[in-house]
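Working notes, structure below.
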Amino acid sequence: MGLVSRAAYPVDGWTLILLGVTWAHVFMAPFTKVEESFNVQAMHDLLEHRGNLAAYDHQTFPGVVPRTFLGAMWVAGVSAIPYWMLRMLGFKKAVGLTCTRLVLGTTVVLALARLRAAVAGLLGEGVGRALMLLTALQFHLPFYASRPLPNTFAVALASLAHADWISGKRPERAIVLIAIAVVVIRCDLLPWAGLMGLHMLLARQISLRRGLFVGAASAAGSLALTVMVDSVFWGRWLWPEGQVLWFNTAENRSAEWGTMPLHWYFTSALPRTLLAGLPLAALGAALERRVRHVCVCVLLYIAAYSLLPHKEVRFLLPVLPLLNIAAAAGIMRAYQNRRKGAGWAGVWLAVVALLACSAAASVLMTLVSRANYPGGHALARLHATEAASAAEAARAGRNLTVHIDVLAAMTGVSRFGEAGKPWLYSKEEMLAEENIWSAGFDYLISPAADISGYRRILSQEAYAGLQLDAHCLRPKEGWKQVLHGQLPLPVKILQQPQLYVHSSLRHGQ
């Protein structure tokens with residue numbers, strides 16, 4: 001796995017390991033959730049409708065606050081040629097979601113590879129390799145790397161900015177990149193941009209005058225770009241992230257989506273996202289002084305972010321790789337000193353054990369994630385089960401109408417999953433049972449097990465919890481599971497029906 005020394009984007013075996021894990025998440029959990037819906041639908045519309053803005057999904061479902069199209073434009077633009085080639089070969093529209101997610105995941109991994117190169121230049125190639133390995137053994141960063149959240153686009157831009165910040169060689173470019181991330185993608189990175197700028201000043205990477213000029217010019221250029229582009233798509237003059245900033249801070253409306261206690265990021269989010277990386281980051285900060293300023297800045301940012309009542313793991317994604325740098329430094333120091341006495345040998349064994357536990361936890365989280373998208377699976381199963389009815393309806397020139405309930409729409413249904421004629425879809429909310437019947441839908445995807453006037457044809461299970469299962473630890477039972485293509489895990493993933501597909505009793509009459 002030889003690294004090309006000082007390469008800007010080292011693509012070797014270590015990078016390919018992380019890329020492979022990221023791509024595996026795309027295929028193991030191919031659907032997306034409601035948090036990703038804006039960019040998913042935007043990428044679909046850019047690929048399918050292109051200049052026909054009236055057909056875009058946001059015209060009907062604008063969401064709570066407007067979002068920028070710039071991230072979706074980048075991914076859709078790169079995905080367009082392979083997508084249309086696959087479509088010409090007969091693939092269904094759903095392949096577009098796979099293409100776009102693979103492109104986004106690759107973009108994030110390449111940005112992390114650029115960060116790795118900067119780390120290798122500062123701390124050595126061994127630390128850079130450890131960074132990629134540790135990230136691959138975690139769940140959240142590889143899982144979210146291909147998910148079209150604004151936070152994921154921010155990870156790519158922020159990682160490029162962090163590479164220039166850590167190297168200390170191109171502070172102006174770091175400021176430009178983080179300014180774009182703040183103004184265009186995620187306004188809540190503003191405190192982080194301030195901390196980066198403060199450190200650059202204290203470390204004398206840049207003068208105050210030069211830093212303010214570059215920052216102001218970058219922010220102004222980014223603002224002009226997002227206003228010009230997004231105003232066209234939204235049909236009115238607007239700055240999307242400006243409205244998000246007002247919504248989250250001045251109005252504090254984000255709290256309507258739930259609140260967490262002040263300590264939640266430190267006591268729940270960081271342990272789950274970093275896994276072994278959390279204690280290893282503490283080890284690295286204790287042993288390697290060159291990563292301490294990074295850790296201090298990240299912890300200050302998270303502490304400031306904790307003041308907002310609404311908290312989610314994905315809000316921390318852009319800064320998580322920085323804590324992994326400290327963890328990678330700890331891993332490498334323990335590895336280099338493993339032969340220097342019993343104490344260091346014990347430390348190295350503990351590091352290996354932590355990494356193994358991290359890998360096991362990531363496997364379990366991955367298996368759980370596969371069972372979290374009942375809406376996407378239910379729609380795909382409906383299309384497969386009723387393919388003959390759809391073909392008959394198409395020959396007769398008749399449409400088949402499907403009503404998609406809120407839960408289904410939130411857990412995997414997107415326009416990429418639509419099958420085209422003769423299928424028509426409705427996501428109209430708050431429909432009473434009698435109104436559903438009078439609307440004449442041929443099929444329903446609903447959490448209700450029984451609906452008057454319809455017969456249940458499918459049930460879709462989804463994640464319902466975990467249960468300890470020590471039987472697999474016995475050699476005989478463990479081998480049985482392996483022979484049946486199952487992983488012998490001491491935890492059983494419970495599933496239960498959460499959605500049902502119903503067919504109208506009038507259908508086919």
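Including glycine, each Cβ sits where the backbone N, Cα and C put it.
Here is what TrEMBL records for this protein:
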{"type": "TRANSMEM", "residues": "7-28", "note": "transmembrane segment"}
{"type": "TRANSMEM", "residues": "69-90", "note": "transmembrane segment"}
{"type": "TRANSMEM", "residues": "102-123", "note": "transmembrane segment"}
{"type": "TRANSMEM", "residues": "174-199", "note": "transmembrane segment"}
{"type": "TRANSMEM", "residues": "211-234", "note": "transmembrane segment"}
{"type": "TRANSMEM", "residues": "262-284", "note": "transmembrane segment"}
{"type": "TRANSMEM", "residues": "291-309", "note": "transmembrane segment"}
{"type": "TRANSMEM", "residues": "315-335", "note": "transmembrane segment"}
{"type": "TRANSMEM", "residues": "347-368", "note": "transmembrane segment"}
Please give the sequence-distant neighbours of the transmembrane segment (102-123): residues at least 6 beyond its ends with Cβ less than 8 Å from one of its Cβ atoms. 3, 6-11, 14-15, 18-19, 22-23, 25-26, 74-75, 78-79, 129, 131-132, 135, 141, 145-148, 152-153, 155-157, 159-160, 162-164, 166-167, 288, 290-291, 321, 325, 328-329, 332
For the transmembrane segment (211-234): best-contacting stretch of 174-199, 262-284, 291-309, by Cβ pairs under 8 Å: 174-199
Where, among 7-28, 69-90, 174-199, 262-284, 291-309, do we find the most CB pairs under 8 A to the transmembrane segment (315-335)? 262-284
Same-chain residues at least 6 beyond the ends of the transmembrane segment (262-284) whose Cβ lies under 8 Å from its Cβ atoms: 134, 137-141, 291, 295, 302, 305-307, 311, 313, 316, 320, 323-331, 333-334, 347, 351, 354-355, 357-358, 361-362
Here the stretch out of 7-28, 69-90, 291-309 with the most C-beta pairs under 8 Å to the transmembrane segment (174-199) is 291-309
At a C-beta cut-off of under 8 Å, are there same-chain residues at least 6 beyond the transmembrane segment (291-309) that contact it? List them, or none. 123, 166, 188, 191-192, 195-196, 199, 203, 248, 252, 254-255, 259-260, 262-266, 270, 281, 284-285, 315-316, 319, 322-323, 325-326, 329
